[in-house]
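Let me begin by presenting the structure, written as structure tokens, before commenting on it.
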Amino acid sequence: MTRHLLEEQRAGRINADLRLLIEVVARACKSISIAVGKGALGGVLGDAGSDGEASINVQGEAQKKLDVLSNEILMEANAWGGHLAGLASEEMDHSVPISDAQPRGNYLLLFDPLDGSSNIDVNISVGTIFSVLRCPDGVTTPGDEHFLQPGTAQVAAGYCTYGPSTMLVLTIGHGTHAFTLDREIGSFVLTQRGMTIPEETREFAVNMSNQRFWEAPMQAYVGDLLQGREGPRGKDFNMRWVASMVADVHRILTRGGIFSYPLDSKCAAKGGKLRLMYEANPMSLLVEQAGGAASTGRQRMLEVRPTGLHQRVPVFLGSRAEVEAAVRYHHEHDSQEQGDG
Ligand code: AFP
């Protein structure tokens with residue numbers, strides 16, 4: 001990875017500060033990988049909290065011990081690097097500016113330290129997702145509002161998946177590249193340059209148990225997928241759902257597919273289930289850079305104007321033609337409603 005990033009720097013696609021920042025994040029991911037890999041032997045499985053009281057994060061979700069540990073690892077590794085002006089984590093209420101005592105840089109880092117953490121205790125892949133923005137000019141002590149930039153403003157995004165192997169997938173806006181951790185040497189090795197998502201797919205990912213809570217266009221879209229060859233789509237579809245977004249997106253970057261977490265009546269009041277700044281935006285940049293598409297169902301994801309650090313959105317991403325099909329169902333439904341209204 002160091003070599004790849006140095007070559008990108010020589011080609012003028014990244015500066016030294018951003019390169020070093022990504023290397024710090026990658027180093028933190030190695031530490032998280034070691035902790036995750038120890039499993040029960042590391043004493044890190046199970047819920048955080050004490051005296052039988054569950055620890056609840058800002059999202060209102062029970063925290064796992066590994067959520068807390070991963071957050072600490074990323075915070076600690078990045079606080080003193082000198083490349084950041086501030087950090088924001090899915091696990092914390094507010095962003096944290098780099099303190100006066102530490103050297104400061106010009107970037108803002110956002111991360112979901114351990115996505116899919118409900119899968120930790122059952123030994124299924126989990127991952128870290130991160131996004132890098134520029135700190136606005138003239139701002140030395142960034143507040144939450146300075147992080148509220150659209151996904152198009154990201155200068156880098158990536159995830160690290162802790163599965164049978166640990167892989168870090170990265171974009172700096174010039175393609176999406178995959179690195180595999182060589183555990184003996186301790187280095188991320190470039191194993192796939194320029195990941196490309198096939199334009200068409202026969203595989204979809206969604207939590208089907210929410211079907212009855214979905215909006216009408218999603219009902220219609222998935223209804224047609226399920227009809228297979230006999231239905232309007234004219235082909236049979238397969239379904240996969242890991243319930244770790246990192247693992248589902250990694251599959252889609254590798255062999256295509258569509259991932260969706262649509263709006264449903266359970267999460268409608270919050271705007272969706274997945275978080276724009278920590279999950280949807282970084283994954284959307286990775287997917288677009290691999291030739292895929294990402295949408296809320298009604299708008300290109302990367303153009304959503306964020307209104308809150310922990311804002312949630314509906315998500316459709318993956319194979320371009322399939323995402324466009326899902327979006328079509330939403331637009332057709334909306335224009336029919338407007339016509340009826
Ligand atoms: P956790 O980190 O709380 O396990 O949430 C993971 C996640 O945000 C995302 O990774 C999955 O795609 C999604 O939730 C799964 O949600 P369901 O449990 O509703 O299927």
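From the backbone N, Cα and C atoms, a Cβ is placed for every residue, glycine too.
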### Message
Among Glu7, Glu230, Glu279, Glu288, which residue shares the Mg(2+) 2 site with Asp112, Asp115 according to TrEMBL?
### Response
Glu279
## Note on the structure
Among Glu90, Glu91, TrEMBL assigns to the Mg(2+) 1 site of Asp112, Leu114 just Glu90
### Query
Of Asn78, Asn207, which one shares the substrate site with Asp115, Gly116, Ser117, Ser118, Lys273 in TrEMBL?
Asn207
### Message
Within a 10 Å radius around the Cβ, which one of these binding-site residues has the most neighbouring Cβ atoms: Asp112, Glu279?
### Response
Asp112
### Query
Looking at the binding-site residues Glu90, Asp112, Leu114, Gly116, Ser118, which have a C-beta within less than 6 Å of some atom in ligand 1?
Gly116, Ser118
### Task
Give the number of CB atoms, excluding that of Glu90 (Mg(2+) 1 binding site) itself, located within 10 Å of its CB.
23
### Candidate nearest Asp112 (Mg(2+) 1 binding site) in space, where candidates are the binding-site residues Ser118, Asn207, Lys273, Glu279 and distance is Cα-Cα
Glu279
### Summary
Around the recorded Mg(2+) 2 site (Asp112, Asp115, Glu279), other residues with Cβ within 8 Å of the Cβ centre, ordered by sequence, are Glu90, Gly116, Gly127, Thr128, Ile129, Tyr159, Met245, Val246, Leu274, Arg275, Tyr278
### Task
Count the Cβ atoms, other than its own, that fall within 10 Å of the Cβ of Leu114 (Mg(2+) 1 binding site), considering every protein chain shown.
30
### Query
Which of the binding-site residues Asn207, Lys273, Glu279 has its Cα nearest to the Cα of Leu114 (Mg(2+) 1 binding site)?
Glu279
